[in-house]
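Participant: Just dropping this structure here.
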Amino acid sequence: MARSASLDLLKWLAIVSMIGDHLRYLWPQQEWLFIPGRLAFPLFCLALAANVLRATTIQWRYLWWFLGFSLLSEVPYRWLDNGSPTLNVMPTLGLGLLLAWGVHLRTRAATWLALVAALVATLGNAWLMYGLPGVLLPAALLIALKEGRFAWLAGLLAVAGNFTNGWLFQHPLAPVSLMVAGTAFMAVSLGLALLRYEWPGPVPPVGRWAWAFYPLHLAAISVFAHMVPAGTGF
């Protein structure tokens, strides 16, 4: 299947917004980076949904990569944020992948995997970044891509996933909470609009290197964060 420039552009937008969000650990005074950082997770989920939509069978290697990099990423994630009550984002995306496969393929194996993923996400909601809404988001985006419906549901799940954050949940009407909600909801609309039209220009492909980029960039930021005196940023 031909490579999609729009899909690669979507992945780049997700990567850049993720890096911007994580730069807060180096530049703590720049709290505003948290807001555009809310684009990253919905865009990654949309890229995952777009890849699932192209699949005709369960891609077991893809699943093993998620498992391996979920474990590998936890170490630098703890270095960077040892106070986090959740795991790194990879387990959420991996469970979301299983659920999306179940919705798309509808084979017996895919259905069982989706049911297991839903059960794990429900029981482990408190330990998953973006919680159960985050696990449901790729499947909702898949439906929006496949049938052109329920984009609003995907937007609400993106918002709900962010509000698993304790502070945002306790202060839903605070200005920052409203900006987070708007950014997360907008990310879904922006991403879907981008994928509906093929980007006319060349876009550098986002290949398998992106798997390793996640734990490596966490480790790099963690190293720099420990080198820079607290509160000084850059």
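Heads up, residue numbers simply count up from 1 along the chain you see.
Note: Cβ is positioned from N, Cα and C throughout, glycine not excepted.
No curator has checked TrEMBL annotations; they are predicted automatically.
Annotations per TrEMBL:
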- 33-53: transmembrane segment (TRANSMEM)
- 62-80: transmembrane segment (TRANSMEM)
- 86-103: transmembrane segment (TRANSMEM)
- 110-130: transmembrane segment (TRANSMEM)
- 150-169: transmembrane segment (TRANSMEM)
- 176-197: transmembrane segment (TRANSMEM)
- 209-228: transmembrane segment (TRANSMEM)
Participant: How about the transmembrane segment (62-80) with the transmembrane segment (86-103) - do they touch, taking at least 3 C-beta pairs under 8 Å (6 or more apart in sequence) as contact?
Facilitator: yes
Participant: Please give the sequence-distant neighbours of the transmembrane segment (33-53): residues at least 6 beyond its ends with Cβ less than 8 Å from one of its Cβ atoms.
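Facilitator: 4, 7, 10-11, 13-15, 17-18, 20-24, 27, 89, 93, 96-97, 100-101, 104, 130, 134, 137-139, 141-142, 145-146, 154, 158, 161-162, 176, 179-180, 183-184, 186-188, 190-192, 195.
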Participant: With Cβ distances under 8 Å as the criterion, find the stretch in 86-103, 150-169, 176-197 that has the most pairs with the transmembrane segment (110-130).
Facilitator: 86-103
Participant: Can you say which of 150-169, 176-197, 209-228 has the most Cβ pairs under 8 Å with the transmembrane segment (86-103)?
Facilitator: 209-228
Participant: The transmembrane segment (150-169): which same-chain residues, six or more beyond its ends, come within Cβ distance under 8 Å?
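Facilitator: Non-local partners: 38, 41-42, 45, 85, 125, 129-131, 133-134, 136-137, 140-141, 143-144, 176-177, 180-181, 184-185, 187-189, 192.
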